[in-house]
Amino acid sequence: RQGIGEPSVYHAVVVIFLEFFAWGLLTTPMLTVLHQTFPQHTFLMNGLIHGVKGLLSFLSAPLIGALSDVWGRKSFLLLTVFFTCAPIPLMKISPWWYFAVISMSGVFAVTFSVIFAYVADITQEHERSTAYGLVSATFAASLVTSPAIGAYLSQAYGDTLVVVLASGVALLDIGFILLAVPESLPEEMRPVSWGAPISWEQADPFASLRKVGQDSTVLLICITVFLSYLPEAGQYSSFFLYLRQVIGFSSETVAAFIGVVGILSILAQTVVLGILMRSIGNKNTILLGLGFQILQLAWYGFGSQPWMMWAAGAVAAMSSITFPAISAMVSRNTDPDQQGVVQGMITGIRGLCNGLGPALYGFVFYLFHVELNEMAEVETLGKASKPNMANPTDESSIIPGPPFLFGACSVLLSLLVALFIPEHNLALRSGSHKKHSAGAQAHPHSPPAGGSDGKEPLLEDSSV
């Protein structure tokens, strides 16, 4: 085997850390370049760029996953990391090409999909959730440290050094994959020829979404995920720009904000989540997380003072418990042979939100005329207490962040849907026997799943 040692979770962790560390370094330079390239309608263009990237990733992720199932993970890790990091050096060479390549890189910007498949190859089922948690925590840790480092170096030595350093980290990641990462897919599972056929069913990005309606509980969970993650995806694409340009945060303050909220989020997803799951149960933990998210988004929407952003950031850390709690509920109530199917549906929903959310936020900012003044004015205001709006007399002075209020309404709908998710899917337990027994339909006490014939439930109660 090429690489160092046997395949391990630590190989995956290093790949993820280096990739997102490189991008985290660019937080401050990217905000500057974005405003300089699109001085008009900055938020709209930012949303469209991230929206195109997210939709392309959603469409391509199943195909790349299917190809890696046949041809191996290492080559596709190399491909995804290379194309994800390819725009970095273009930031200083040609900003227009930089944003164009970012949009198109969405076709291959699916490193997480390949990494999770890599981890699945080398872990037993009972240890897989822990391994996934380690990978996700590494992603969070890389973003805790790198924006602050990038902001300091940008102020002290200029943006060019930061871009060069980020490019070097990306090259280090590519070199690590080439030299140190061993192939995780067993040799016997790979065909002799690289021309092995891939079925459309494997590569269809909408295949998992079409299965959602087969189970009422899965449908409720997927609607909850869609309505709650759509504003989160939009917020992630534009919030740092919003803090810098509209609220008047300096680049160092933005980096400090990311670090503090990141550390609090890690604590919330590890310590607090475990306590809540044991004390109030799975479903109530989801509802609590959605409640925190509504409060956070409303606070962002009406907040115009820097201290309000810090307070809302602490609430945002608590809202990060929602998705792990949903994943745990799905895992506990799903047949072992259906885990991948159901988790794949939720991942597909999140991928769709990664494309729609940024575009929605950018469009709402545009509708409400939330525009930016010149960069120099932002630096001069620095500690200003009022939002930096282009049209201070219109509704944007009353509601500084309209998309966040739209997001709060979306999450409120998500919470109402989540109320109807059963804590334990007792009604579907008999469907499990239907799946494993050819004569199950002959049993008079076996009710139809989901109210229609031929549709097997994906979830069952595993607590009995």
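Positions of Cβ are set from backbone N, Cα and C atoms, glycine also.
The domain 'Major facilitator superfamily (MFS) profile' annotation in TrEMBL covers 8-425.
Among the features that TrEMBL reports, transmembrane segment is placed at 12-31 (among others).
Within the chain, the transmembrane segment (43-64) has long-range Cβ neighbours (under 8 A, six or more residues past its boundaries) at 34, 37, 76, 79-80, 99, 102-110, 113-114, 198, 202-205, 207-208, 233-234, 237-238, 241-242, 348, 351-363, 365-366, 370-372. According to TrEMBL, the transmembrane segment annotation covers 43-64 (among others).
Positions annotated as transmembrane segment by TrEMBL: 76-91 (among others).
According to TrEMBL, the transmembrane segment annotation covers 97-119 (among others). Long-range contacts of the transmembrane segment (97-119) within the same chain, counting only residues at least 6 positions beyond its ends with a Cβ under 8 Å from a Cβ of the stretch, are 7, 9, 11-12, 15-16, 19, 33-34, 37, 45, 49, 52-57, 59-61, 64-65, 68-69, 73, 76-77, 79-84, 86-87, 90-91, 128, 131-132, 135, 139, 184, 347.
The transmembrane segment annotation in TrEMBL covers 131-154 (among others). Remote same-chain residues near the transmembrane segment (131-154) are listed as 9, 12-13, 16-18, 20-29, 112, 115-116, 119, 123, 161-162, 165-166, 251-252, 254-256, 258-259, 262-263, 265-266, 269-270, 324 (criterion: CB distance under 8 Å, separation of at least six residues from the stretch ends).
Tertiary neighbourhood of the transmembrane segment (160-181): same-chain residues 3-4, 7, 11, 14-15, 18-19, 21-23, 25-26, 28-29, 74, 77-78, 81-82, 85, 88-89, 91-92, 150, 153-154, selected by CB-CB distance under 8 Å and a gap of 6+ residues from either end. For 160-181 (among others), the entry in TrEMBL reads transmembrane segment.
Below 8 angstroms of C-beta separation, residues 27, 31, 34-35, 42-43, 46-47, 50, 54, 211-212, 254, 258, 286, 290, 293, 297, 300, 322-323, 326, 329-330, 342, 345-346, 349-350, 352-354, 356-362, 365, 401, 403-404, 406-408, 410-411, 413-414, 417-418, 420-421, 458-459 of the same chain, each at least six residues beyond the ends of the transmembrane segment (218-242), sit close to that stretch. As annotated by TrEMBL, transmembrane segment applies to 218-242 (among others).
What TrEMBL lists as transmembrane segment is 254-277 (among others).
Taken from TrEMBL, the feature transmembrane segment covers 284-302 (among others).
Per TrEMBL, transmembrane segment is recorded for 308-330 (among others).
According to TrEMBL, the feature transmembrane segment maps to 351-368 (among others).
Sequence-distant contacts of the transmembrane segment (404-421) (same chain, at least 6 residues past either end, Cβ-Cβ under 8 Å): 217, 220-221, 223-224, 226-228, 230-232, 234-235, 283, 286-287, 290-291, 293-294, 297-298, 300-302, 329, 360-361, 364. Among the features that TrEMBL reports, transmembrane segment is placed at 404-421 (among others).
The region 'Disordered' feature in TrEMBL is assigned to 432-464.
Stretch with the largest number of CB pairs closer than 8 A to the transmembrane segment (76-91), among 12-31, 254-277, 284-302, 308-330, 351-368: 12-31. In the predicted model, residues of the domain 'Major facilitator superfamily (MFS) profile' (8-425) average a pLDDT of 79.
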